[in-house]
Amino acid sequence: MAISQMKKFQLSGYYPLRERVIDTMMSLGCVHIENARDEMKEEKSGSMLQPTPNSLSEIGIQTNDLEESLSQLEYIINFTASSLEGQKGLLAMLSPAELMMTSQEIENIRQKTDISQLYSQCLELENRMMGLQLEKSKKQDLLVELSPWQNLDAGLQNLQDMSMVTSQLIIAKKGVLPEIQKEISKLTTGFELQVIRKSNTMDYLFLLMLKEDASKILAILNHYGCKLIRFEGIAGKPAEVMRQIQVEISTIDEEYVSIKKECRNFTKNERDKALVLYDLVFENIQKGQIQAKFAHTREVFFIKGWIRAKDEIFIKREIEKISPELEIVTLPCLKDDCPPIALENNACVSPFEFVTTLYGRPHYREFDPTPFLAPFFVIFFGCCITDAGYGMILTAISLFILKKFKPTGGGARLVKMLLWCGISTIAIGAITGGWFGIEMSVLPQLFQKIVIINPIENPLDMLKLALGLGIIQIFTGITIKACSNIRDKMFLNVLLDQVSWLVFLIFLLPMGYSFILGGKVSPEIAAVAGKGASIMAIVLILTQGRANKGILGKLFGGVISLYNVVGYFGDVLSYARLLALGLATSAIAMTINGVAKMTTEIPYLGFVLAGLILIGGHTFNIVINTLSGFVHSSRLQFLEYFSKFFEGGGKEFQPFGRKNKYIYSSGA
């Protein structure tokens, strides 16, 4: 449970061997490669060659731009995901295809498949579907526009100017029709106004009028806010046109179904090829990026990087198989080196690397904080929720995700960490009497017997526990720093900076217990603690300013250092949030139960509403308090704990290797 020991790695050889070296290192996945251009100066005979990524044309795929090819393949994969049988939407994304193929099958796809052609076929299918959807949308909009006029017994093509008369479709606001008729009647008797349909807000009208009166009548209509309607390019009565449009929409639907079938066939026949090609193209992009870090002349190339010490023999053996002309050198880390960081922890602790890496990676010469934060994190998380029922649900969900979706990387660490936190929540919830917010008196006798602290009835006891945990963690952080200094043979710092502060803080504990928590401390203990604290304060005044110049500077620095006591007390009080969050979870759960109980008195629907309130309310409470528990438990690690010993600043160990997303070669 530590930071993996690293070694410098250097490899040089003839330039033509570089491709085989890249392939071997990619297969091994053990070498962290760094930019080596500054390691080799230009030769007098010529300048350094610029490495270029492999083009896919060398392996049978005709394309000039790897990034463009990758983008096209990603488009194909996303498009065909909607046509996967048995998996839709989010489920398809959570469970991406994992193809097991032989090397020969992969090679056949690589040589015989044209990415541009696949992309064009996919784009054509999507354009056809989008075109049909757009056409259907337009026809549906036209149906909506024609619907109020379906009782009109006249062809829409006839609504145009004739020699003596003209006609017009009108939409008028409800209630203005009598006024319109009255105003037009004053102007002329040569008109006919027919009501086609009435709605709650509008009247749909057909107007036939003399051409000589048209301009004046239209002015009247405009005055009353009427809307004039024209259906250009449409022939036939509205009802007939609507029936024809419905037939056309049915034809579009049939054609759309046919195209969807083509999409399913395309997915069945071509999707696996796209998945294979995606990984192959991405692999070639990786190779190009790595080659860009090589230093080389026209004759030789040079690679530098880092390997884990435990992989040294294995890596040398595999690379030496390529050619005896390759020279491999491994060197131990020097004091000024900053190697990348690979954390190595057992299965129980490794999930909590997720928390460590959120803050930052340790530098190479300090302790990995992960094993030291793991037990505190799960305990604090459990204290934030304090409900065994919620812990059981969180544990069950974590197990389901691990079994069903098999997450990897950071996602796997997060889910496994939540699994441990769920188990901790069950234990802490049981000893605090938390079971879905059910009142203690209602719980079975067995559950009541295992209760040690009831935070609802005795919050002060829970506060003492929270602050006690904080004191233990802070003292642990100081002790870890002392161990780090001992390892670095800084014994004076251990004595004056860690041991002296630990002793001083221990003497202050009785006073803190008395003043903050109102606890009773015997006079004898108080006297010893007071004298001890006074002596240690003098020691700190004399030693903490030792880095300053001059006697006055040293003494002034020592006096100022005593102000750190305020920081330590503030750190301890920060752990009171464990009590507050635990009480909040219990209070919300009990409120949900109380509201649900009241709704049961509602006739007929009471129990249904109660069930919905219980399910929805407790789901919300679990989600929000799981998030709060994670955030606040992490905060206690980052601010109160890590500040005592953790420096950070390390960079991640990122070995060059295959990162296949979809395919797995069986090697046959």
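The backbone N, Cα and C atoms fix where each Cβ goes, and this holds for glycine too.
What TrEMBL says about this one:
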TRANSMEM  372-402  transmembrane segment
TRANSMEM  414-438  transmembrane segment
TRANSMEM  465-483  transmembrane segment
TRANSMEM  490-513  transmembrane segment
TRANSMEM  525-543  transmembrane segment
TRANSMEM  550-569  transmembrane segment
TRANSMEM  575-595  transmembrane segment
TRANSMEM  602-624  transmembrane segment
*Taking contact to mean three or more C-beta pairs under 8 angstroms, with sequence separation of 6 or more, is the transmembrane segment (414-438) in contact with the transmembrane segment (575-595)?*
yes
_Considering only Cβ pairs within less than 8 angstroms, which of the stretches 490-513, 525-543, 602-624 has the most against the transmembrane segment (550-569)?_
525-543
*asked:* Counting a contact as 3 or more Cβ pairs under 8 Å, with residues at least 6 apart in sequence, do the transmembrane segment (465-483) and the transmembrane segment (602-624) touch?
replied: no
*With the transmembrane segment (372-402) as the reference, find which of 490-513, 525-543, 575-595, 602-624 contributes the most Cβ pairs under 8 Å.*
575-595
